[in-house]
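*Asks:* I'd like to ask some things about the structure below.
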Amino acid sequence: MSLRHFLTLSDLTKQELENLIKRASELRHMQHAGEIYQPFVGRTLGMIFEKSSTRTRISFETGMGQFGGSAIFLSPNDTQLGRGEPIEDSARVISSMVDIIMIRTFGHEKVETFAKYSSVPIINALTDEFHPCQLLADMQTYYEHRGSIENKIVTWVGDGNNMCASYMQAANQFGFELRVAAPYGFEPDPELMKRFSHCVSIVENVQEAAKDSHLIVTDVWASMGQESEQNTRARRFSSYQVTPSLLDKADSEVVFMHCLPAHRGEEISHDMLDDPRSVVWDEAENRLHAQKALMEFLLKDKIKI
């Protein structure tokens with residue numbers, strides 16, 4: 001297989017994504033059964049973080065260790081990237097010493113440039129524009145709880161942010177209808193709306209957006225780097241809180257997801273994570289298994305079976 005990167009969901013075909021989700025579920029069962037599977041012995045993952053994270057670091061580092069490989073954590077203080085070295089130079093050097101690289105940063109153009117000059121696969125672990133790894137975990141979680149998401153209705157509640165953008169791509173790739181309930185001025189990127197208008201719609205009324213939905217998803221009102229907007233956003237999003245009563249408007253088989261960390265009392269009610277329809281803890285764990293499946297896919301020509 002030629003060099004492949006995972007910068008957005010659109011980098012994989014529908015069939016590849018569906019196979020990856022099923023493989024992630026298999027890996028979860030293998031891990032829970034105590035099965036040892038180490039195809040990455042002697043392989044190294046480079047982890048470049050310009051944005052901090054709990055779940056991203058733990059899931060990638062643990063996953064690489066479970067696969068028998070090793071992971072190197074690189075913060076801006078640990079690399080010349082933080083001192084102004086051109087991205088293309090860092091990409092050439094770092095990729096010559098590791099087997100695969102994940103990057104969690106701000107501008108999406110950084111991971112695109114890194115991928116252009118890298119000799120190994122690049123994984124987008126989050127940018128301001130997209131969060132594709134989280135969508136792999138979300139799709140795996142829905143698959144495990146409810147089966148195929150094709151032809152289902154998904155409701156996104158809140159900011160049209162990077163998570164929302166990746167859900168728009170997922171709607172196209174996995175074949176579901178996405179309703180976005182966002183206040184005026186916080187809708188998704190117009191270009192993305194135009195591209196995915198066949199499967200994505202804006203429904204400003206939250207109650208209407210939730211009607212008959214099979215999956216309801218939300219995220220924080222102010223993402224990392226938007227802390228100065230917190231008070232303004234809290235006012236604008238006050239009627240966009242996800243609660244058990246909102247889920248009552250949805251399909252009887254609805255499930256709720258949140259990529260975490262969650263702010264109880266803001267985008268969700270204090271009791272939402274504990275509602276029996278919430279699958280957020282499985283969703284969080286599945287970051288580990290989905291990313292293991294992704295790394296296995298990207299390095300499948302080099303692994304030991």
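Heads up, the Cβ atoms here are built off N, Cα and C, so glycines get one too.
Keep in mind that this is a model prediction, so the values were computed, not measured.
For reference, Swiss-Prot lists these features for the protein:
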BINDING   SER53, THR54, ARG55, THR56, GLN80, ARG104, HIS131, PRO132, CYS133, GLN134, CYS259, LEU260, ARG287  carbamoyl phosphate binding site
BINDING   ASN162, ASP219, SER223, MET224  L-ornithine binding site
*Asks:* Around ASN162 (L-ornithine binding site), which of the listed binding-site residues (SER53, HIS131, ARG287) come within 10 Å, judging by Cα atoms?
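*Replies:* Correct set: HIS131.
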*Asks:* Applying a 10 Å Cβ distance cut-off over all chains shown, what neighbour count does ASP219 (L-ornithine binding site) have?
*Replies:* 25
*Asks:* What is the total of other Cβ atoms whose distance to the Cβ of SER223 (L-ornithine binding site) is within 10 Å?
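*Replies:* I count 18 other Cβ atoms within 10 Å of it.
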*Asks:* Would you say which of the binding-site residues ARG55, ARG287 has the most Cβ atoms within 10 Å of its own Cβ?
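*Replies:* Counting Cβ neighbours within 10 Å, the top one is ARG287.
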*Asks:* Here are some binding-site residues: SER53, ASN162. Which one has the most Cβ atoms within 10 Å of its Cβ?
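*Replies:* That would be ASN162, with the highest Cβ count within 10 Å.
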*Asks:* List every residue in the same chain as CYS133 (carbamoyl phosphate binding site), at least 6 positions away in sequence, whose Cβ is under 8 Å from its Cβ.
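*Replies:* Sequence-distant Cβ neighbours: PHE6, THR56, ILE123, ASN124, ALA125, LEU126, ARG287, ALA290, GLN291, LEU294.
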*Asks:* Within 10 Å of the Cβ of CYS259 (carbamoyl phosphate binding site), how many other Cβ atoms are there?
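*Replies:* Other Cβ atoms found within 10 Å: 24.
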*Asks:* Cα of ASP219 (L-ornithine binding site) to Cα of CYS259 (carbamoyl phosphate binding site): how many Å, rounded?
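*Replies:* Rounded to a whole number, the Cα-Cα distance is 7 Å.
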*Asks:* Could you check what DSSP calls CYS259 (carbamoyl phosphate binding site) once collapsed to helix, strand or coil?
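*Replies:* For CYS259 (carbamoyl phosphate binding site) - judged by DSSP and reduced to three states - the answer is coil.
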